[in-house]
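Swiss-Prot has this to say about the protein:
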type	residues	note
BINDING	CYS438, CYS444, CYS483, CYS487	[4Fe-4S] cluster binding site
BINDING	CYS487	siroheme binding site
Amino acid sequence: MANTLPPTDRSCDISQPLERLSPDESLKAESDYLRGTIALGLLDRITSAVPGNDIKLMKFHGIYEQDDREIRDERRRQKLEPAFQFMIRVRLPGGICTTERWLKISELACAHGNETLRMTTRQTFQFHWVLKQNIVPLIRGLHEVLLDTVAACGDDSRGVMATVNPQFPALQAELAALAKTVSDHVIPKTRAYHEIWYGEERIASSEPEEPFYGQTYMPRKFKIGFVIPPNNDIDIYAQDLGYIAIIGENGKIAGFNVAIGGGMGRTDKAPHTYPRTASVIGFITPDRLISVTEAVMGVQRDYGNRADRSRARFKYTIDDKGLDWIKLAIEDRAGPLESARPYDFTSNADIYGWIESGDGFHHFTLFIENGRLNRDMLDKIAQIAHVHKGHFRLTPNQNLMIANVATADKPEIEALLRETGLIAFNERSVLRLNSMACVALPTCGLAMADSERYLPDLITKIEGILTRYNLQNEPITLRMTGCPNGCSRPFIAEIGLTGRAPGKYNLYLGGGFHGQRLNRLYRENIGEPAILETLNEVLGRYATERLPDEHFGDFTIRAGIIREVTEGRFSND
């Protein structure tokens, strides 16, 4: 289409010489399409680390270099390098995992990791504590079941999410297939991954190696998700690009509302950074998914800020250019969007226990606290995997669904859940069932405080407060991270906690119950006593002053406890 866009400032985007942009842009451009010197670094047995630039490039391969931060000082005193190890993330569109793949992933975690698996808030697996010499065998093991880690991290399209709601089995299957199609389309095309990890020989070609991404890929990560109302389990408003399924009168997917510009990360004491909820800009039919996805990503690729990585996410491009300009830019590439169609969300939580989908199948959602599966849990779930004829689904809330259990097979699965004790995992408080935490310490290099290891104990103490006020059955969303980057999406929780220092957190209140509204900072840099004292006061008021069926986040705004956040850019006011 002819370019009819009004002029815009392009002083920080891909049109500029590399020397004017972030050093990461030169790194990508000079990496030979993500090859770098990764293959050579893997052969170096003198160090358990990889060379500096390759650390960043390996993220595009789904790999993060980390170290055990709790023994870092001691190793320094002993004149030893840090205890380096790697986190490896699988690409798993829609969180769908066959039983064969589950068993292989469990095997690899025990053989090459620390005998645990982490299910993430983006419906995939992470291996932790993988040593450098074990990366290749682990990745080749994944390849045996046709899984990989391509673009699970890095400046590209991350894993594509999709609703896990078996109440609409045909729609869910269609949505999962569309998510897989989009995921396959936006994955980087370079053969670097196959050459480095599978030993594939490089073959010269006259075709462009990255026809969409080019040499410098995206300015920052780009997240895509699909959702079927009324359950906003994937937190559609936290996605860079979200597709909200609209169901037609015939009961099939008529198309999608398009939501753009969501994102959770911020930096403390940096008011130019903030979380943002996505804006709905229109409606498209299913046949336009690929062209619109390319258009949206292409606008961010071409106009995103590549000079300042703290402002490189799509949310900032939208706010800098203006939503109307961005929509024009998308339509200039993909054609006009129709007006958005009505939809309604009621919750972003999982539905635990058995659900019958009406097509002869049953589905059991199992609570996995903070997504962490230890060796005992892996062994118990393996017993189910060996007999289960359906598949597994990883939920966006870090839980596990045993999906597509035939009526005739349900008694056997139920018996195994009881014999192994797994079924008791669901016997938790409503607050705990609605909680999430990121990994944080001791491995995440960005964490400033504990999260996964600390939240369970903190919840136990908050449960006492809820019981005191007879609120133990109230669904309240609580999310914690070890830093403000927001991996567990804390900025749309009714209660959000983000780490500031060991034992210290920022406390946020006022998020929307189904993820539709950002929360706001209420108390800054406080420890556990102040957290509990503050929540005791606010929950006490909620118990006595709330309206019928009023959610906690809504109450804190109506009662004047916290000011509503209407736009992310105003959340730091």
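Positions of Cβ are set from backbone N, Cα and C atoms, glycine also.
Structural mapping of features recorded in Swiss-Prot.
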| residue | record | CB count, 10 Å |
| --- | --- | --- |
| CYS438 | [4Fe-4S] cluster binding site | 29 |
| CYS444 | [4Fe-4S] cluster binding site | 22 |
| CYS483 | [4Fe-4S] cluster binding site | 23 |
| CYS487 | [4Fe-4S] cluster binding site | 23 |
Neighbours of CYS438, CYS444, CYS483, CYS487 excl. site residues, C-beta within 8 Å of centre, [4Fe-4S] cluster: VAL439, ALA440, LEU446, ALA447, SER451, THR481, GLY482, ASN485, GLY486, SER488
